[in-house]
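K.L.:
Quick one: the structure is below, and I'll ask about it shortly.
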Amino acid sequence: MTAPPRPTAPPGAAALTGLAALHAWVDELAALLQPDGIVWCDGSRGQTDRLTKQLVAEGKLIRLNPEWRPNSFLSRTDPSDVARVEDRTFICSLDEADAGPTNNWREPEGMRAELREAFAGSMRGRTLYVVPFSMGPIGGPLSQLGVQLTDSAYVAVSMGIMTRVASAVLDLIAAGQPWVPTVHSVGAPLVDEAGVRQEDVAWPCNPVKYIVQFPETREIWSYGSGYGGNAILAKKCFALRIASVMARDEGWLAEHMLIVKVTSPEGRVFHFAAAFPSSCGKTNLAMLKPSIPGWTVETVCDDIAWLRPGPDGRLRAINPEAGFFGVAPGTGELTNKTAVEALWGNTIFTNVALRDDGDVWWEGLTAEPPAHLIDWEGNDWTPASGRPAAHPNSRFTVSAAQCPVIADEWDVVDGVPIDAILFGGRRATNVPLVAQARDWKHGVFIGATISSEQTAAAEGTVGELRRDPFAMLPFCGYNMADYWAHWLRMGEKLGADAPAIFQVNWFRKGDDGRFLWPGFSENARVIEWIARRVEGSAGAEETAIGRLPLADELDLDGLGLPAEDLAALFDIDTERWLAECALTEQYFARFGPRVPPALTAELASLRDKLRA
């Protein structure tokens, strides 16, 4: 679309607002970035089609066979630009202590000078795309606005899938609504300082990368990468790092969580939010197909949730995104048929393999690979090649509306009421299949101590733990201990209306090293018990680590689970748990006196209960 009309600010205005502020910001950045031209994005199908045709003509997208994947494309990144770069991700708070020990901190003014030098002229020879977007339904009470500047048409198109890009966003900005400014450049100008133009490449990027968040001013600057979360700034950068700071200041929660709508055979509806670190079954739970009759699970969101107390006092949540940016390998007919069905068309695939018939393939999509492929780097591939055909972090970008089990409420403006919150890691030892927290404080302690075992456990010990509190380790925009305190305050505010909190672990292993629980669709049996606990129809046994299902409370009909495996799934080894308490104490020590006293009290209480 053309740029919106420029209102004039009153003479002597101390600060511009509305569209005047937006235009002034775009003008200021354009002077720094020096693009050849500026295009304002409106999210329309016509503009998106023009951009994808342009990307195909430039060799940056490959159009897939429309018979197999209508309106779908494949992109191949530079081999150096395939994932988030956590070591080049910075939280530039005014006070280093506010970033905390889990974030990379840099002094803000020094970083600003560094960024201005990197961004100066970075868009010479390229087009600057202005992308106004809404996180959450446009105009909703839980939604937020942003504007991204980018020199990547691939990013502009991806933003149109992952967020709500529309001219209506500009109407809200014109009316005075605040917005988050985000700036992105691949850092590969096509014209040098002498005016000499060079040829473009299929995936421009720069060896030097910056992904920088300024919490106090709600700004995001990203340089050097065209990949996913580094470049689609609405995702992790805004929806979690900046939004978590906004949530702290404004009394809500921005979380790395899925939300599912669960309906019982009696027709009762529940909404569960769940936080899982990577490789812990998050997407599979978000799109769960229950193995037990009468229960249905529908997707509200698969990755990020924003939660805020509603007018009725209950915690309500929205999906701030409009699309899925999922990991392709391992997504197949057997593991997640729902996700595969969502990818029928209108999808951008990145770094997967190309079949000879013009469709895509990745490891895990089918049991047997095709006889010949073009791999993610553009080379011939056969099953004898001895290397993956798709990159392990290859992705699909698709509208959430295409998910065959998307809940009708996935984009309601005031969100859905949350009945329970689940936390889970990948634990071979100690953590039972499911346990309910005694209360909100105990639940926050569980969330703060989420971990996955990185090494095999020696006999009688716990393996090395990778801590990922609330699954927010790479994404919390401020001091993690302050984040825990914010969760505790939220519990005080919610009071008796607070959701119940549970811990789940699909990955407990037996002494012989095999998984004790079948997982996948059978996880619905655990979800059923959680739902029954929420409605008050299932019993529980009080233990040192939380409330466990009473005998025969879990529906195991037809599962064929040996009694000894069931016992092992809920076994509480006192010595191993005391050893884990020592590891938790060491972990809390990283945060010094900022750890909330309520959490150190929970740790002490856990030790007392184990020794009782």
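Glycine is treated like the rest: Cβ placed from N, Cα and C.
Note that the structure is a prediction, hence the values are computed from the model and not measured.
Positions annotated as active site by Swiss-Prot, on the basis of sequence analysis: Cys280. According to Swiss-Prot, the feature substrate binding site maps to Arg84, Tyr227, Gly228, Gly229, Ser278, Asn393, Ser394, Arg395. Taken from Swiss-Prot, the feature Mn(2+) binding site applies to Lys236, His256, Asp303, supported by sequence analysis. The GTP binding site annotation in Swiss-Prot covers Ser279, Cys280, Gly281, Lys282, Thr283, Asn284, Arg395, Arg426, Phe520, Ser521, Glu522, Asn523.
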K.L.:
Could you measure between Cys280 (active site) and Gly229 (substrate binding site) for me? Cα positions, answer in whole angstrom.
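P.N.:
The separation of the Cα atoms works out to 19 Å.
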K.L.:
Three states by DSSP: which one describes Arg395 (substrate binding site)?
P.N.:
strand
K.L.:
Determine, for the Mn(2+) site, the additional residues of the same chain whose CB lies within 8 Å of the mean position of the CB atoms of Lys236, His256, Asp303; present them in sequence order.
P.N.:
Lys235, Ala239, Leu240, Ile304, Phe475
K.L.:
With a radius of 8 angstroms around the mean position of the C-beta atoms of Arg84, Tyr227, Gly228, Gly229, Ser278, Asn393, Ser394, Arg395, what other residues of the same chain does the substrate site pick up?
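P.N.:
Residues close to the substrate site, other than Arg84, Tyr227, Gly228, Gly229, Ser278, Asn393, Ser394, Arg395: Val82, Ala83, Phe325, Val327.
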K.L.:
Could you check which of the binding-site residues (Arg84, Tyr227, Arg395) sits closest to Thr283 (GTP binding site), going Cα to Cα?
P.N.:
Arg395
K.L.:
Let me make sure I understand the span of the GTP site: among Ser279, Cys280, Gly281, Lys282, Thr283, Asn284, Arg395, Arg426, Phe520, Ser521, Glu522, Asn523, what is the greatest distance between any two Cα atoms, in Å?
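P.N.:
That value is 26 Å for the farthest Cα pair.
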K.L.:
Let me know the largest Cα to Cα distance in Å among the substrate-binding residues Arg84, Tyr227, Gly228, Gly229, Ser278, Asn393, Ser394, Arg395, as an integer.
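P.N.:
Across Arg84, Tyr227, Gly228, Gly229, Ser278, Asn393, Ser394, Arg395, the widest Cα separation comes out at 18 Å.
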K.L.:
If I take the Cα of Asn393 (substrate binding site) as reference, which of the binding-site residues His256, Ser279, Gly281, Asp303, Phe520 has the closest Cα?
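P.N.:
Its closest listed neighbour, by Cα, is Ser279.
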K.L.:
Between Arg84 (substrate binding site) and Lys236 (Mn(2+) binding site), find the distance joining the two CA atoms and give it rounded to the nearest Å.
P.N.:
10
